[in-house]
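Written out below as structure tokens is the structure these notes cover.
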Amino acid sequence: MLELRKRAFDAVASAVMTSSNPGNEQPEPVNVVAIILFMITLIFAAAGFILFDYTFQVVKILTIVEDLPSDYDLAPAYDPIDGDSEPEDGAPPHYRDDAETHAEDSTVHKIAPGLYLGGSPDMNGKYITSSFRKAILYLRHEAGFWSAWRGFSVNIVYSVAASCVNGIFLSMFPFPFGRYISGVLVMLVVSPLSLVHTHIIIAPPTKETWFGRLSRLPFRSILHTLPAAFLVAITGQATYAFPDIMVKAFVPSRAFDDPPPQGDNPYQSMLTPLQCLAIYSVFLASHVFLFIPSMIILYRVQASVYASTEEAIIPFERLGPQTILQAWKSYTWEGKKRLIRLYARVMPLVWLAAFGVGTLLFFEMRWVMGAKGHVLDAILKTWLRNQYGRAP
């Protein structure tokens, strides 16, 4: 995939350089306003996608981990004496036994930190993660406005560490499939940071830093989660290896260095729509049936080694460390439905937003290029025509 993007960028650069009129010695004035607008759009779009993607990651982990403990009471046993009101001094409200308030309205439930929202866990959904919006509102209610990005700092450290370690392993495995071996080893090396990240997300608000949590993390907990991390590493690399193999099979020249264009056709090795559909279908199937199940196992195994003496911001079964098989079997059908609903509701919005932002950036880039903007139209038209046959 990287080679295809490289060729596309080379084609754009070549077209821009050759489209200028050699006889015109006057350089075209730079459109400062267009450049500034393009950069602002690019920065805000990138920041928005990063923050939303991380919020989705937080809610996804909570959705996978949340479950009703076997001894959990489906309805609150206590209700506030004065309903939803709280003392003016900010102290917790007083409670009395539910038997004494039998005649009162039992539909008003208390929302306590780390507890079930109230009601029965039927298909109507009273789980904290029954919807994306409800999960965000709950997090902000319990941990403040910035709680949707909890653990963001350790996620940055995780990404930087993974990138550095990956560079080291890539130099050790310089052959074509060495990057997949490197990817598996990187996942194992940085797995302690992934474990800390999951624990921060499911933990209640605290002033403890991620480094403090990492320093007191039992070594046996790290060892216990390594098999699940290895499973995620294998399935994750396979998800990207399968499409890469298909690209090299459809376009044999991609298995080696990029050949020079033949007949002034820089698009000679691009894929047809049917080939693109096949590659995307394999990628999607691998992601859904291999990577996501292994990701579910990893997060539930990591949550199982969460200290039993610590409170959690969501309810889940606290039975001690689980194996890979136990983590998968303990994931109920209700939890799977909530995860499916989360993907089904969020991903179409992400694709629509990406298409809209991409279209906006295309026209802004055309404005930045000024008189040379028609080059983008020509490249796009030629590429689309080439999908159904040889480009002229």
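Cβ coordinates are placed from backbone N, Cα and C, and glycine is handled just like the others.
Unlike curated records, TrEMBL annotations are generated automatically.
Same-chain neighbours of the transmembrane segment (32-52): 149, 350, 353-354, 357, 360-361, 364-365, 367-368, 370, counting only residues six or more beyond its ends whose CB sits under 8 Å from a CB of the stretch. Residues annotated as transmembrane segment in TrEMBL: 32-52 (among others).
According to TrEMBL, the region 'Disordered' annotation covers 82-105.
If you look up TrEMBL, you'll see 94-105 marked as compositional bias 'Basic and acidic residues'.
According to TrEMBL, the transmembrane segment annotation covers 156-175 (among others).
The transmembrane segment annotation in TrEMBL covers 181-202 (among others).
What TrEMBL records for 222-242 (among others) is transmembrane segment. Non-local neighbours of the transmembrane segment (222-242) in the same chain are 177, 180, 183-188, 191-192, 194-195, 282-283, 286-287, 290-291, 293-295, 297-298, 301-302, 305, 321, 323-324, 327; each lies 6+ residues outside the stretch with a CB under 8 Å from one of its CB atoms.
TrEMBL lists 277-299 (among others) with the feature transmembrane segment. Proximity of distant same-chain residues to the transmembrane segment (277-299), defined by a Cβ-Cβ separation under 8 Å and at least 6 residues beyond the stretch ends, is recorded for 61, 64-65, 194, 198, 225, 228-229, 231-232, 234-236, 238-240, 242-243, 246-247, 250, 271, 324, 327-328, 331, 339.
What TrEMBL lists as transmembrane segment is 342-363 (among others). Long-range Cβ contacts of the transmembrane segment (342-363) within its own chain (Cβ-Cβ under 8 Å, at least 6 residues beyond either end) map to 38, 41-42, 45, 49, 52, 56, 59-60, 63, 129, 131-132, 376.
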